[in-house]
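What TrEMBL annotates here:
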type	residues	note
DOMAIN	A:102-282	domain 'ABC transmembrane type-1'
TRANSMEM	A:49-69	transmembrane segment
TRANSMEM	A:109-131	transmembrane segment
TRANSMEM	A:143-162	transmembrane segment
TRANSMEM	A:168-191	transmembrane segment
TRANSMEM	A:212-236	transmembrane segment
TRANSMEM	A:256-278	transmembrane segment
Amino acid sequence: MTLTTGRELPITGLRPTGEPVAVWIGDADPTQDQSNQLRLRPPVSARTVSFITVAALLLAWSLAAHLQLVSPVFLPSQYAVAAKLVSVAQNGFVDATLLQHLAASLGRVFAALVVALAVGIPVGIAIGVSVVGRGIFDPILEFLRPIPPLAYLPLVIIWFGIGEPSKILVIAIAMIAPIALSAASGVRGVSQERVNAARALGASRAQVIRHVILPSSLPSILTGLRIALGAGWTTLVAAELIAATRGLGFMIQSAAQFLVTDVVIMGIFVIAGVAFVLEFVIRRLEAALVPWAGRD
Amino acid sequence: MTKLTLDNVTVHYEGQPQPAVVDTSLSVASGEFVVLTGRSGCGKTSLLNVAAGLVAPAGGRASVNGLPIAEPGADRAVVFQNDALFPWLTVRDNVAFALRMRGVPEAERRDRSDAVLTQVKLEGYGDRRIWELSGGMRQRVGLARALAAEPDFLLMDEPLGALDALTRERMQTLLLDIWAASGVGVLMVTHGIEEALLLATTVFVMAPGPGRIVKRIEADFGRRYAAGEPVRSIKADAVFVLARAELADAIFEGELA
């Protein structure tokens, strides 16, 4: 290999032979950027390291379970957990199949999302467009935002009982703040020139909100929706603490009471998997709904 | 025949020690092409925004046919320097925006916006997205969007400022074609000396500190173009060259060389 410039020397010299050149996250081409000249390409990518980490954890779990280093009551093997996934999917656990638990939980989270969007978007817009709106809603949101759901759960139950509405409300409360705050920041970021353009084309104040401010802040609202779904999914187990008969959170808690650890672990993986899928769906939704974001 | 009039207008922004524009008067009638030019900070855009109804004058009066201008309206459509298009809408829906605000039915909106797109030589681009277009095309969409409102006046704030020189020349003749065909009154802000002279029926030269009109020049080069004379021959005409020198002198007068 002939090295033509001194600049390439340290970079090429560190490339592991025979492997594709690892890409440093965030840097398209280090040779293009003067500040990168002295930074060396790492020999492996973060993705490879992540893959190795996960594999090592699974292996450690497998070994610990296989060699009975820990009692199966506390740490069942992966096979036991996988078998449980199949058996709960087919025969159910605490009077409902896995799909029914999943449907119950998703139903609550989405019902809460509808409530949170219906409340959060108008509140966010009110904060963004009007001083009075900001004066009214800012303190309320700032009060609600840092409170953990478990703290207001008892009050919600005292006020609204132990039925389904209370569970949905608890999740919705956790979702409203991120949606409203994202909507407000989206509204504040709307280009004044576009608002002026719309007004000079005969749009009324209401039409400016509907046809300029709302679509302009949609990318920001979708970001809020993503954060809100994360928050809602996190709140799910708390919401299903009281008087639930179905749901992933309820399933895990029931299993824990009977020390059925494999169901607990399986439930955790299902919750993580669903969160992952939701994140993916929302990113696709963003690409479909706001293809202009970041392009103008 | 409509007439937009600014009488002794003063613009003073909150928190500024000095007014942006002082005691300035001008008028634009249908079929006129009035250009405001001058060095940066002379209040050209402020004056245009008063005419648009986007800025309320601190003193004086802005009116259309005697009726005071209180807010923006589609009778005075604005074309902005940074096009200010709506990227969430297609090209056609951008152009049809003013019609939609008026509640014009969809089919009619479509026909009328396609007709305007043809006028600005963008036929067939109706379904494109804004970010797929070049700067010159985007500016033509901005122009089409203003024209589709069927305004009495077209207010343009450095509409060609961000374009490359060749695109800019083509846009100038397009503007003249549209102006001559539609008979709208135009009020345009530009930094381009040659552009001001070629397009305008009246050029107002403004000077800063505080902003005011220092010279008025009448021109007929745009009308000559509309009557069929090629731009090259107009620009080569000794009358044009002299007028250009006179305009440049007026713009830079009072500025230390």
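Cβ atoms are placed via backbone N, Cα and C, with glycine included.
Keep in mind that TrEMBL annotations are predicted by a computer and have not been checked by a curator.
The transmembrane segment (A:168-191) makes contact with the transmembrane segment (A:109-131), as judged by at least three Cβ pairs under 8 Å among residues 6 or more apart in sequence. Remote same-chain residues near the transmembrane segment (A:49-69) are listed as 75-78, 80 (criterion: CB distance under 8 Å, separation of at least six residues from the stretch ends). Long-range contacts of the transmembrane segment (A:109-131) within its own chain (CB-CB distance under 8 A, at least 6 residues past either end) are made by residues 137-138, 141, 168-172, 174-188, 190, 209, 213-214, 217, 221, 224-225, 228-229, 232-233, 236.
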